[in-house]
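S.K.: The feature domain 'Major facilitator superfamily (MFS) profile' is assigned by TrEMBL to 41-486. Residues annotated as transmembrane segment in TrEMBL: 114-135, 142-161, 202-224, 230-253, 337-358, 370-388, 394-416, 428-451, 463-481.
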Amino acid sequence: MTTKTELSPKARESKNAQDMQVDEVLIPRKVPSLCSARYGIALVLHLCNFTTIAQNVVMNITMVAMVNSTSLQSQFNGSSEGLPVDSFGDLSKAPKSLSAKAPVYDWSPQIQGIIFGAVGYGGILTMAPSGYLAGRVGTKRVVGISLFVTSFLTLCIPLAADFGIVFLIVTRIVQGLSQCSVIGGQFAIWEKWGPPHERSRLCSIALSGMLLGCFSAILIGGFISEILGWPFVFYIFGGVGCVSCLLWFIVIYDDPISYPWISTSEKEYIISSLKQQVRSSQQPLPIKAVLRSLPIWSICLGCFSHQWLVSTMMVYIPTYISSVYHVNIRDNGLLSALPFIVAWVMGIVGGYLADFLLTKNFRLITVRKIATILGNLPASALIVSLPYLNSGYITATALLTLSCALSTFCQSGIYINILDIAPRHSSFLMGASRGFSSMAPVIVPTVSGFLLSQDPEFGWRNVFFLLFAINLSGLIFYLIFGEADVQDWAKERKLTRL
């Protein structure tokens, strides 16, 4: 017995050494990890998020071309053939191809706010159920079907706008249901594909597709709106979504065991690294404990406050640059898209930086909170300073770019924190937290549209001050109550059998 006790630690050391050797073989120093199957999954999710958010954002840039801002009378749904004067600066300089076929509507700022916010209504209803379904029936089915639905509805947006404002809003609501199902359902895949010490970079690679989608939609949308007309923006991005959906069903598998193109060493490495975190189907979610958990509430409120920042930037950057600096639609697309391409790079870098700090013996909660601070406080402070600048649009664009880039650090902080504290129930809880935060995209356009219409002189200042206050409040709550240790209610409980 004594010999057995003495050999046990050595056996464990030998096993740990073997695991480290597997890791070193899997991720050699000279060969990037992007060659592995799990990073291929992250890249496909990157494309999926790119498509989904691009379809969400195109309305924000096409609205400049869809609305006749010269009309002083707001009608519930009127259409006139022609061009908004301030979209191009002068009607004589507007391209003839657009004025001939693209309809223009007389929508008030309040109506525009409802149209912007309609796509977010579904997030409140579908984020948590989509996460739950993905955990039960698989991410491949939930995300794939949702991606097809949102792509098809994107193709139908111009037709819905011609039918009337009610049809457009309903289409946007259903589109929001499917888009939020894509976002809420994708996190379940990392329960079986993401080794704990690589989750920051894997999630950052996947989520940064949203930023590239914003960049592409805003940039290309401006050019397409000017050259072909705003309806073709929806046709093109809807078609791209259908192609992405086909690729998704071919490439994605829910776990490494069933993946046909994975190496044996990588499969064994992923399974062994997740052995202690595999979710047990026999253990139901302890609802009461979750509702009483302050770390869970800190994540929900922190995500909500950060989504308020992100939603304001996504929805109102094109409108702000157009209305304050009076640039035409092509320049508006270039200037509005610039912050998102820089943020795309910073988001990926932030994920690698977070995992690097973990290798340097930083506490997990310290890394999560540092990333969350960098993604909230400087970004919102830069935004709130914009109305006080008397300089030109170049300085404003530089501040917007820096703010958007810094905000992406939250991808390696608060957004994946649930994978740390409740890995067994992460698919549902991450969907629930994102569903709670998705109230922000619904509220932001409505509240901001009201503030801008009530106070034309100080409207932008009020919008940005409200953003800063909400963002700071959520950050403080998370810094106080946020944790990174597995919660007691999320640990495995041994079932007693009679």
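Just so you know, glycine gets a Cβ as well, placed from its N, Cα and C.
Curation does not apply to TrEMBL; its annotations are automatic.
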S.K.: Where does the mean pLDDT land for the domain 'Major facilitator superfamily (MFS) profile' (41-486)?
M.R.: 82
S.K.: For the transmembrane segment (428-451), which recorded stretch in the set 114-135, 142-161, 370-388, 394-416, 463-481 gives the largest number of Cβ pairs separated by under 8 Å?
M.R.: 114-135
S.K.: Using Cβ atoms only, state whether the transmembrane segment (202-224) and the transmembrane segment (337-358) have three or more pairs under 8 Å that are 6 or more apart in sequence.
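M.R.: With 3 or more qualifying Cβ pairs, these stretches touch.
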S.K.: Compare 230-253, 337-358, 463-481 by their Cβ pairs under 8 Å to the transmembrane segment (370-388) and return the stretch that comes out on top.
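M.R.: The stretch with the most contacts is 463-481.
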S.K.: At a C-beta cut-off of under 8 Å, are there same-chain residues at least 6 beyond the transmembrane segment (142-161) that contact it? List them, or none.
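M.R.: Result: 48, 51-52, 55, 58-59, 66, 103, 105, 130, 133-134, 167-168, 170-172, 174-175, 178-179, 181-182, 185-186, 230-231, 234-235, 237-242, 244-245, 248-249, 252.
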